[in-house]
Structure formats: structure tokens, C-alpha cells
Amino acid sequence: MAARRGKSTRTASEVGAAGPRASARSVNGAPTVPEAARPGARRNGPSRASGCRREKSGPDPREKPQVRTRTARAEDQAEGPSAPSERVEPPSAQGASLLRAGSCRAREARSARELRPQAGATELAAPARMEAPPGAWKLQTVLEKVRLSRHEISEAAEVVNWVVEHLLRRLQGGESEFKGVALLRTGSYYERVKISAPNEFDVMFKLEVPRIQLEEYCNSGAHYFVKFKRNPGGNPLEQFLEKEILSASKMLSKFRKIIKEEIKNIEGVTVERKRRGSPAVTLLISKPKEISVDIILALESKSSWPASTQKGLPISQWLGAKVKNNLKRQPFYLVPKHAKEGSGFQEETWRLSFSHIEKDILKNHGQSKTCCEIDGVKCCRKECLKLMKYLLEQLKKKFGNRRELAKFCSYHVKTAFFHVCTQDPHDNQWHLKNLECCFDNCVAYFLQCLKTEQLANYFIPGVNLFSRDLIDKPSKEFLSKQIEYERNNGFPVFW
């Protein structure tokens, strides 16, 4: 999705007091990548098994002495069944892996002998190889720590399901302008890469809008004005037109108003105060535990994807050209995330969203159709993404409200991860036994993105998520310094 959320829809996605609760009901009572975007890139090299691409990071003053449709997946046996697109199904809820200095190279040599690359296969450019990371890592222990509890998942899913379906019935009923909305579940929980606690959910209420015309805003590639090719009388969205332009701010305001009115009738749920520039209506559920649910209105278009996406989604060597073509035949979405204009926002603009495609990619992430199936080889792609998300999350906790970290979100981490998957497209580069090296490669790529100030949107390569217009250089330098310190000292922030 787009830089979405601090959390990006919250994320890039980024508490109003509820009114009198007449006849209140309890919740619980309810039953490729452009060259500039690839730091340190080389041209297509030979396929290889995973190996650390490590260069010793510069010393830090605080540095310590170094001492496609699939059958059931193996990961689902450990974490429970996948959440379906139309309903949250509570998923089911070892051995620590110890990394010794120099072990990555030994494993790399073994992998090169045991796993020959496919004839004629090539990989996209990657950063230079690096020495094995220092210190003892117990990454499997970290993954166990951030694994979601089955009991917590069941409780959270039941409550979120009930609230969301209640609101959906309200919007679909009567003569609402949003009568045609349908549910689209997105975000890390439904991608099965949520970490720590099931306390955040993203839900799209999609509304199909046929025969629309997009007008790109200031060559941004990501933000658009929306017009109707024809506007026959009786169009329920006509009231949201502003000089023939479908106003994102007007539509979001009405959507928010309907939700706020309905939430007054549900005990234990409130609507968070509106955040400037956010496309989401955020619900706060207080029981059984505090849960936030971002509800995002999304316009669904079944037209061809905009021209700005033509060179995006570089998965041909990873998931295959056929998969790419099939994904690009899916609809695209526009969310009411306004473009920045000076010190304010252009409130009539909509932003492209591909969160549904991101979910599909993560669900079917292997080059081989048997990757992570019960009888297939288990890869460590999702484990690396979880660890990257946890690293950023823990640094934010460590430094509290430091201004330098405020604009970084999990969407930046996920975008960098997708680019690493493009660089290393083969399953033999992501063997679970090589988790430490694969994670280090992801960290190395993210560090280079910070240092070069280049991170291309995975779907809209002309959009640089690390441009100085979006994130200032001192903030990128601060995060880079902290990640280098963690990397050189065995990631103490994990413990």
C-alpha cells in the first residue's frame, strides 16, 4: 500500500466522546525497481543460495566489545489457518537458532553445493556480500516472543468481527450514499505478519465507482483527482462533487459522520479524534483489551492501472510474469489520503492503494508453488519481515517520542523487504536454516536505503518514500545510526 501508516495507512494509514447511549448494546454481548531505488545495485548476477552481504558498520561511541492458490502451509500449522478475506477466523496458536561469527559463509558454501540454481536463472541486482554478523543471535527465540497468542487472537477477532459487520449492515441499509460498500480486510494481521499483540486491524469498506476518469495531481504518480466520465442524474455520489471533482474530504466527512452516529449505540467502542491527513476512521474498542480498528473508505476501479504503475510490481523473476499479469488485472483502489500542498493538504485528492495486492503477494510468496506448504521447503521470508517490523517497533519504544523516528512506519520496512525479495527471487536464497543471514541482508538493504535516501514505492517506482520532502535527512541519519549500533552488537533491543 502506499506509504501508509505510521503504520502507513494510519498506514502513509497513518477519542471523540460518544454521545448518549440510548439502547446501548455490549460488544461482548453480540453473539524493475529503478536503478536509483536499488542502493549499491549490481546488474543481473548468477543465482545463488542465501549468503550474508555484510560490511562492518562504522564504530558507534556506545558500541560494546564484539564477542498463487496453495494447499495448507506449514506456517499455518504453527500459527493457525489464514484469515479469509470476508471474515476473521481466529488462527491456531523450536528451538532457538544460534548464530556464530563466520557461520554464514560456511552455510553458504554448503548451500552452493547442495542447491544448484535453475539453468539460465538470473537474479536482480543486490548489494555487495558482507561478512557474518557478530555476536550470538537467537532469532527463533525472538520470533517466539512476538508470536500472537491463540487465545488473544480469538477474543480480538470475535469483537472486531461483530463491530465491523454491525457497521457494514448500517451502511448497506436504507438509502445511504454508501449502500454499495463491501468488506476488504487488509493490513498485517490479515497478511499474517502481525507481531506482539492482535491490537490493530485495518479494514477497507470498498465502494465500486464505474466510469471514472483520473487526473494526476502535480505529476505525483500516487495522488489523483477523480471525475465521472458521465454523471447521470440520480448518482448518490453527486452531492460530493466539487466542480466536477469527487471531493475526498466531503466523502470522508460524511462516511465518518455515519460511523460516529452508529457507534453511539455500541457500548465499549468510541471513535478516535480525527487526525489531519489520515484517511481512516479509527475505532477504539476497550474490551476485552484495547484494540484499534482503522476503517478506510476505498473507491474500487476495475479500469487498467494508472500509467505511473507501469514499471512497478517487479515480481516477474520472483513470482513469475503470469502471476504479475493476473495481479494487474485485479481492481485498484483510491483512498481519501490527501496530497501535501505546502504546509497543508489538497483535500480533494485521492491516493492509490494496493494493499490487497500486498496481501496476495505475502500469502503466495514463494517462487515454487510448494514453498511453505506442508510437504514443501519452509522459507524464512515472513520471518525476516516480522523481525524487521519488530526492530523498528522496539527502536520507537526505546526512544519514546523522539521526533526523528516519528515519520518512519512499518510500510517502509515492508517496501524494502519486497525489494529484497525481488533481488533474491529464488527460494533457495531464503532457506529457514539461513534465517540469520537473510535477516542481515534485509537490514543491510534498509540501511543503504536510509543512507542513499532512496526507497521506491513498490507499485509506483517514481515515488521515493525516503525523499527529503517526506522525511528529513537528520531523521534518516538518526535511524541509520541506531540500526547500525544494534546490528554491530547483536540487536540488544530485541531483549
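Backbone N, Cα and C define each Cβ position, glycine as well.
Of all the Cβ atoms in the protein chains shown, 26 others lie within 10 Å of the Cβ of H412 (ATP binding site). For S188, E358, K389, S410, Y411, H412, V413, K414, the entry in Swiss-Prot reads ATP binding site, with the evidence type experimental evidence.
Among the features that Swiss-Prot reports, ubiquitin cross-link is placed at K260 (among others). Within 10 Å of the C-beta atom of K260 (ubiquitin cross-link) sit 17 other C-beta atoms, taking all shown protein chains into account.
Taking Cβ-Cβ distances under 8 Å and a sequence gap of 6 or more within the same chain, K322 (ubiquitin cross-link) has no neighbours at all. In this structure, K322 (ubiquitin cross-link) is part of a helix by DSSP. Residues annotated as ubiquitin cross-link in Swiss-Prot: K322 (among others).
Annotated ubiquitin cross-link per Swiss-Prot: K359 (among others), in sequence order, evidence recorded as similarity to another entry.
In the three-state DSSP scheme, K386 (ubiquitin cross-link) falls into the helix class. Just so you know, the Cβ of K386 (ubiquitin cross-link) picks up 25 other Cβ atoms within 10 Å once every protein chain is counted. As annotated by Swiss-Prot, ubiquitin cross-link applies to K386 (among others).
According to Swiss-Prot, the ubiquitin cross-link annotation covers K389 (among others).
Annotation comment: Swiss-Prot describes K396 (among others) as ubiquitin cross-link. Counting every protein chain shown, the Cβ of K396 (ubiquitin cross-link) has 17 other Cβ atoms within 10 Å.
Annotated ubiquitin cross-link per Swiss-Prot: K397 (among others), in sequence order, evidence recorded as similarity to another entry. A 10 Å cutoff on Cβ-Cβ distances gives K397 (ubiquitin cross-link) a total of 10 other Cβ atoms nearby, all chains included.
Per Swiss-Prot, the feature N6-acetyllysine maps to K7 (among others); the stated evidence is similarity to another entry.
Residues annotated as phosphoserine in Swiss-Prot: S13 (among others).
Per Swiss-Prot, the feature phosphoserine maps to S57 (among others).
Residues or ranges marked as N6-lactoyllysine by Swiss-Prot on the basis of similarity to another entry: K145. Annotation for K145 (N6-lactoyllysine): no spatial neighbours, criterion Cβ-Cβ under 8 Å with sequence separation of six or more.
Positions annotated as polyADP-ribosyl glutamic acid by Swiss-Prot, on the basis of similarity to another entry: E165. Around E165 (polyADP-ribosyl glutamic acid), no same-chain residue six or more apart in sequence has its CB under 8 Å from its CB.
Swiss-Prot lists S188 (among others) with the feature phosphoserine, giving similarity to another entry as the kind of evidence.
DSSP assigns E261 (5-glutamyl polyglutamate) to a helix in the three-state reduction. What Swiss-Prot lists as 5-glutamyl polyglutamate is E261, and the listing cites similarity to another entry.
Within 10 Å of the Cβ of S278 (phosphoserine) there are 23 other Cβ atoms, across all protein chains. Positions annotated as phosphoserine by Swiss-Prot: S278 (among others).
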Residue from K260, E358, K414 whose C-alpha is spatially nearest that of K386 (ubiquitin cross-link), among the recorded positions: K414
If you run through the motif 'Nuclear export signal' (143-148) with DSSP, how many residues end up as helix, strand and coil? 4 helix, 0 strand, 2 coil
Based on Cα coordinates, which of the following recorded positions are within 10 Å of V413 (ATP binding site): K260, E261, K359, K369, K396? none
Using Cα coordinates, what distance in whole Å links K414 (ATP binding site) and E261 (5-glutamyl polyglutamate)? 35
Neighbour tally for E261 (5-glutamyl polyglutamate), based on other Cβ positions within 10 Å of its Cβ: 13
Could you state the CA-to-CA distance between K397 (ubiquitin cross-link) and K389 (ATP binding site) to the nearest Å? 12
State the Cα to Cα distance, in Å, between K396 (ubiquitin cross-link) and K369 (N6-acetyllysine), rounded to an integer. 37
